[in-house]
Amino acid sequence: METALLRSFSSIIPESPISLTHFLAATVLIIVVLCFTFRPKNTYLIDFTCYLPPESLRIAKESYIEHIETSKLYDKETYSFQVKVLERSGIGEESCVPIALHELPPHSSLDAARKETEMPFCPTPSITSMVINKFGFRSNIKSVNLSGMGCSAGILSISLAKDLLKVHQNSLALVLSMEAVTPNGYMGTKKSMLLPNLLFRMGGAAILLSSRKRDKRTAKYELQHIVRTHIGLDDEAYQSVFQQLDEAGHVGVSLSRALIPVATKALRTNISKLGPLVLPYSEQLRYVWSIIHKKVLLLPSQKKIYAPNFKRALQHFCIHAGGRAVIDGIVDSLRLDKEDGEASRMTLHRFGNTSSSSIWYELCYLEAKGRMKKGNLVWQIAFGSGFKCNSAIWKCISDIDPTERNAWSDRTYLYPIEEVPK
């Protein structure tokens with residue numbers, strides 16, 4: 001048999017005293033080494049925590065309305081508009097703003113903004129620099145400070161950290177995500193630019209990631225997929241969330257009426273890439289067949305393209321708490337049940353729109369309610385100016401203890417609550 005095999009491999013095995021057994025063993029060893037070297041590097045989420053502001057910073061709706069009324073900045077129409085939006089915003093009585101915004105008039109200085117930023121993570125002059133100084137990190141640490149990315153920055157940061165962990169093997173990555181509202185208050189009267197004043201609240205989250213195999217034993221989640229979509233080529237999308245000057249010279253961020261359709265368009269593009277990664281083949285085939293019916297065969301009976309049922313692949317959904325309309329629009333677009341948007345709606349109610357950290361408050365909620373089980377998949381969906389839609393899929397790889405203290409522990413028994421009618 002050995003003679004026959006040698007004859008078969010004569011074209012690739014040079015004449016030498018090495019036996020076939022040694023050759024095959026060496027080949028197997030090389031293949032094993034190559035597989036080990038080039039195998040995908042897993043990213044593990046060891047743990048994360050969300051900042052819980054002190055109760056002294058809570059801003060009840062009545063207090064917020066009083067601030068608007070006593071500021072003397074707004075006419076009757078603008079005042080009524082803000083009150084109406086606030087009442088329908090989906091934000092409750094527990095959300096917080098920094099101490100500078102509790103003052104009359106609000107104290108929006110650079111120093112006040114720094115103090116607000118110090119409350120969750122103690123970072124100044126930048127978040128990364130202050131963390132390095134505060135905890136005494138080594139000089140060879142690789143730090144990146146991201147800004148201007150909008151509410152999608154949380155997942156964008158995870159994507160960057162994942163890539164860095166691939167390059168710097170056997171490393172840890174700390175991601176800090178927060179919203180600072182003090183320096184971003186709008187003092188004018190343009191309605192589209194007043195909306196951020198009413199929706200955004202203070203908050204932040206810290207996420208510890210690892211590429212070390214040994215950390216899988218203690219990690220909570222393993223990153224499965226990240227899909228990032230940017231539709232900034234479209235002018236309407238690019239200008240849907242836009243910082244600019246109003247007619248009186250006041251700086252603010254304008255939210256256009258096209259924001260919800262733009263977000264839906266960005267999500268549709270995003271899931272066209274995400275779907276093949278997570279959906280069962282049956283759902284993918286139904287989607288493709290509906291496209292063939294509508295766009296190729298031009299059958300009038302096919303009114304809409306089939307919306308894949310992501311609940312067949314995923315157990316939990318963390319939709320950016322950008323506002324009630326954003327959450328409702330995404331729930332409807334994905335054909336989700338009301339319960340699937342609960343974590344997002346309750347986060348909006350209690351904490352408000354905390355920008356890029358909102359999806360982590362939502363994951364906290366799912367853990368505190370005891371809904372996250374080992375083996376479950378959770379989809380984090382974030383949107384940001386530009387316009388961006390980013391998705392992250394995490395797999396729970398440990399038994400989550402719902403009694404472990406987090407940002408929801410002191411209020412878990414109160415939620416979910418009945419929402420205020422629209």
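Backbone N, Cα and C define each Cβ position, glycine as well.
For reference, TrEMBL has these:
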{"type": "ACT_SITE", "residues": "Cys151", "note": "active site"}
{"type": "ACT_SITE", "residues": "His230", "note": "active site"}
{"type": "ACT_SITE", "residues": "His316", "note": "active site"}
{"type": "ACT_SITE", "residues": "His320", "note": "active site"}
{"type": "ACT_SITE", "residues": "His349", "note": "active site"}
{"type": "ACT_SITE", "residues": "Asn353", "note": "active site"}
{"type": "DOMAIN", "residues": "37-118", "note": "domain 'FAE'"}
{"type": "DOMAIN", "residues": "121-296", "note": "domain 'FAE'"}
{"type": "DOMAIN", "residues": "314-395", "note": "domain 'Beta-ketoacyl-[acyl-carrier-protein] synthase III C-terminal'"}
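Its Cβ placed at the centre, Cys151 (active site) has 27 other Cβ atoms within 10 Å. When the Cα atoms are compared, His230 (active site) and Asn353 (active site) turn out to be 21 Å apart. Comparing local CB density within 10 A for the active-site residues His230, His316, His320, His349, the maximum falls on His320.
With DSSP states grouped into helix (H, G, I), strand (E, B) and coil, the domain 'Beta-ketoacyl-[acyl-carrier-protein] synthase III C-terminal' (314-395) comes out at 38 helix, 21 strand, 23 coil. Around the Cβ of Asn353 (active site), the same chain contributes Ile91, Cys151, Glu179, Leu199, Phe200, Arg201, Ala321, Gly322, Gly323, each under 8 angstroms and 6 or more positions distant in sequence. A distance of 19 Å separates the Cα atom of His349 (active site) from that of His316 (active site).
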